[in-house]
Amino acid sequence: MKKLTMESLSVYIFVMGVCFTSNFTCEQKIVLIQEHKLRSICISTCYVNGVLAGNSSCVSVKTSYLINLAMLTNGFKAMRVGNITSISEKTAFLRVIINYYFRGVMLRALIAQRLPNAANLSSTVNCWLDDHSAGGVMTLFYGTERIVLNSSTEINASRWISDGQDANGTLNILNERVSLDIYFLSKICPQLSSEIYKKKVAHPKYFSLIKNDTKPKKFLRNTWRSAWSNWYKYKEIKEFLDFSSDYENFSEITYSMSAAGLFFLAGGAFTMLLLLCCLSMITRKHIVKDLGY
């Protein structure tokens, strides 16, 4: 048997420690800017054990990657909460909660439903797993107000709480089906942080949780607020809704540009055809005159 060198031994100890010490944090900040059209700037920044693992547009978070890693956890496999038991329902739940708290969707929902005058809003999700404890904390920041849900081996949370007066009734929305939030924080997210840390250790050079996006500004549709009028928390589990529907997508912009381009192209072609016809008639008259007809 080959002897372990000090370097390989250090790597071995480091990798073995992965399963026992992991800390995963993602921060989202959304800012609304009223220019000639309303724009939304949403930035997501993620850290794995304090090391940057992505910083770009919220819509560029690798949700499918996070969902696939979360599906590896025992918490996901054993999930039986809120009448969610089938694989398809549990997968839909992961898709929804990751979009809510890792891609800024919940921030847009709160602005549309409870905080119409908000120009900016931010949130943080932090999960950890070590030898002594496991758990997670979700925190929303609005002005000087902080709203928190903390669930771990030391704290058995039952509701979101605010250190302010909650004059806008934000807690009414957040505490809907709060058992799903608590289950994710206490049973899935800590193990997810461990899975993420393993991937970070295996591929330190290329690992990232967010795709690069040089254009974090997104145009919001004129109807984006009204689209949330009939929304309630976790509605998307049963109704497969598009989380990007608040934004004008590239295909629509491309289509409108293409339509305009086709209009001008058709107009130009018609003008050229008209000129050719006129030139042909003038040339024909000269030929007839020269022949003496």
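First residue shown is number 1, and so on along the chain.
Glycine residues also receive a Cβ, built from the backbone N, Cα and C atoms like all the rest.
Swiss-Prot lists Asn23 (among others) with the feature N-linked glycosylation site, giving sequence analysis as the kind of evidence. Note: Asn23 (N-linked glycosylation site) has non-local neighbours Tyr47, Val48, Asn49, Gly50, Asn126, Cys127, Trp128, Ser193, Tyr197, i.e. same-chain residues 6+ apart with C-beta under 8 A of its own C-beta.
A 10 Å cutoff on Cβ-Cβ distances gives Asn55 (N-linked glycosylation site) a total of 16 other Cβ atoms nearby, all chains included. Under the heading N-linked glycosylation site, Swiss-Prot lists Asn55 (among others), citing sequence analysis as support.
Taken from Swiss-Prot, the feature N-linked glycosylation site applies to Asn83 (among others). Asn83 (N-linked glycosylation site) carries neither a helix nor a strand DSSP state and counts as coil.
Cβ neighbour count for Asn120 (N-linked glycosylation site) (all protein chains, 10 Å cutoff from its Cβ): 15. According to Swiss-Prot, the feature N-linked glycosylation site maps to Asn120 (among others), an assignment based on sequence analysis.
Among the features that Swiss-Prot reports, N-linked glycosylation site is placed at Asn150 (among others). Around Asn150 (N-linked glycosylation site), a 10 Å sphere centred on its CB holds 19 further CB atoms from the protein chains shown.
Look at Asn156 (N-linked glycosylation site): DSSP puts it in coil. In this view, Asn156 (N-linked glycosylation site) is surrounded by 10 other Cβ atoms within 10 Å of its Cβ, with every protein chain counted. Per Swiss-Prot, N-linked glycosylation site is recorded for Asn156 (among others).
For Asn168 (among others), the entry in Swiss-Prot reads N-linked glycosylation site, with the evidence type sequence analysis. In the three-state DSSP reading, Asn168 (N-linked glycosylation site) counts as coil.
Look at Swiss-Prot and you will find Asn212 (among others) tagged as N-linked glycosylation site. Around the Cβ of Asn212 (N-linked glycosylation site), 10 further Cβ atoms fall within 10 Å across all displayed protein chains. DSSP assigns Asn212 (N-linked glycosylation site) to coil in the three-state reduction, placing it in neither a helix nor a strand.
According to Swiss-Prot, the N-linked glycosylation site annotation covers Asn249 (among others), on the basis of sequence analysis.
Residues annotated as signal peptide in Swiss-Prot, with sequence analysis given as evidence: 1-21.
Annotation source Swiss-Prot lists transmembrane segment at 262-282, citing sequence analysis.
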Number of other Cβ atoms within 10 Å of the Cβ of Asn83 (N-linked glycosylation site) across all protein chains: 8
Count of other CB atoms lying within 10 Å of the CB belonging to Asn168 (N-linked glycosylation site): 18
